[in-house]
């Protein structure tokens, strides 16, 4: 036997070990889920390598769990690809990569909740130290023709040992020496229960035994997605989802299809009832699990669904893709693009069915995922109208701020002479509902959609129209094409010209308003100018956004305008500033000199 070599864990790994041992104690059983999942990965890797190189000799793919009740230890063995010493150090002794750091930064302090994150960040091996006083990993690579393997050993402190040991067969054995506090796991029935709970859908046979019971298989023989829909029960779909995602909640819905003919593949896709924690990180790993002829290829195959459906989880099993497929090949493959179109349509169709059959459930979906779906029209022109039909909005039709109106609802209520869909974007529902821009439309009983998300202006600009109805921002100029400019008297024209001269480049024009009925003034954007929300998006994307000067509209029938006519000189100019700031505030902005505005307000109110 060779000399033992002792090494020290890196800092992040030490932190993780301490966390596993002392903090996540309420859901200790997940250690078994993680180790069996790792064993399955090792078998998948070997199966993939054998497809690439048929000369590789290997044993039957299986996972065995043996409980030695007399010695209080559990051995988990797989006949997978195995590891060299360098790979053990890289995969177990180091792990100071992004997975550990991300896990540590995302823990919440809720032990049960945090235990669900373990698998998502690839740090699952360390969960074994929640139950173990000592762990040994004995592994031999399938490419190693010697009679020896390598043993890694640690007691969960800051060090681990490496030693060459005799091992004839390729694969990995993990020997867990249970500590005194976790004797409950030294029991065949308990271990069987955990395996049936978490590992029922592992794609390889799992056998269990103890000192008095021979090996028996405990998991299914067929992948659930390869079964016919009729033979799969609802609870089976839900259980597989939880196994696949580590999510404790039931999925909102699922889509299970088998396609034959020009393309042959099977898909089982899920929409989670609650969004994943990284939903808003467009760069984080996403996508579905890809299998080719039941051979696992990759976890995050992102090329089969658009980015705005990044919350979808599931499995795709193709019969046509080559087994040596890479992410680069997937990117430009017309076959992949065909599957992407089909899967996208199926998911959108399923959402449309949900909206039609169970609107309350769809409202819950929209509350969780609506903002992400709003990215769709700009990214997916082909499905733009379908996505638009799935959107929910607040509206002046509602007595409150409920977000439950569709574009089709709006069209159904349009007046006979109306051919446009009107909307406004503001920071809050109240600001949108009470905006001066709505006054003229309200007086004509014209409905307006009330939008408050930063993405909304970009969304509506991307849509442009829906069912041949142009979508119009009411804060823009000439929203009613059939409405002629308001006629003004010569004296009013002179006054408006004076106001424009005084305001200078703060405005592009000053006109008598035909939209205002109750307010004194408002600021109107030119048709092609971006609004405040769109400006923020463009600036956040690093684009240069030119400053634009709005049109200053004045209600020439308003009492404040009448007051202006009685003023001259500095008082006239000061009152123009007041009316301009009045309009800025109505748009959700702030005067350049708030204190000055308040002094003027006090003066004019007294």
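A Cβ is built for glycine as well, from the same backbone N, Cα and C atoms used for every other residue.
Look at TrEMBL and you will find 1-327 tagged as region 'A'.
Per-residue pLDDT, averaged across the domain 'Histidine kinase/HSP90-like ATPase' (27-182), gives 83. The annotation domain 'Histidine kinase/HSP90-like ATPase' is assigned in TrEMBL to 27-182.
Non-local neighbourhood of residue 327 (ATP binding site): 298, 303, each in the same chain, at least six residues away, with C-beta under 8 Å from its C-beta. The secondary structure of residue 327 (ATP binding site), as reduced to three states from DSSP, is helical. Residues annotated as ATP binding site in TrEMBL: 34, 38, 78, 83, 91, 98-99, 120-125, 172, 327.
Taken from TrEMBL, the feature region 'C' applies to 537-606.
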The most crowded of the binding-site residues 34, 78, judged by neighbouring Cβ atoms within 10 Å of its own Cβ, is 78
What DSSP gives for residue 78 (ATP binding site), in three states, is strand
Around the Cβ of residue 125 (ATP binding site), other Cβ atoms found within 10 Å total 21
DSSP puts the residues of the region 'C' (537-606) at 41 helix, 4 strand, 25 coil
CB contacts under 8 angstroms to residue 91 (ATP binding site), restricted to the same chain and 6+ apart in sequence, sorted by sequence, are 83, 125
Residue 34 (ATP binding site) falls, by DSSP collapsed to helix, strand or coil, into helix
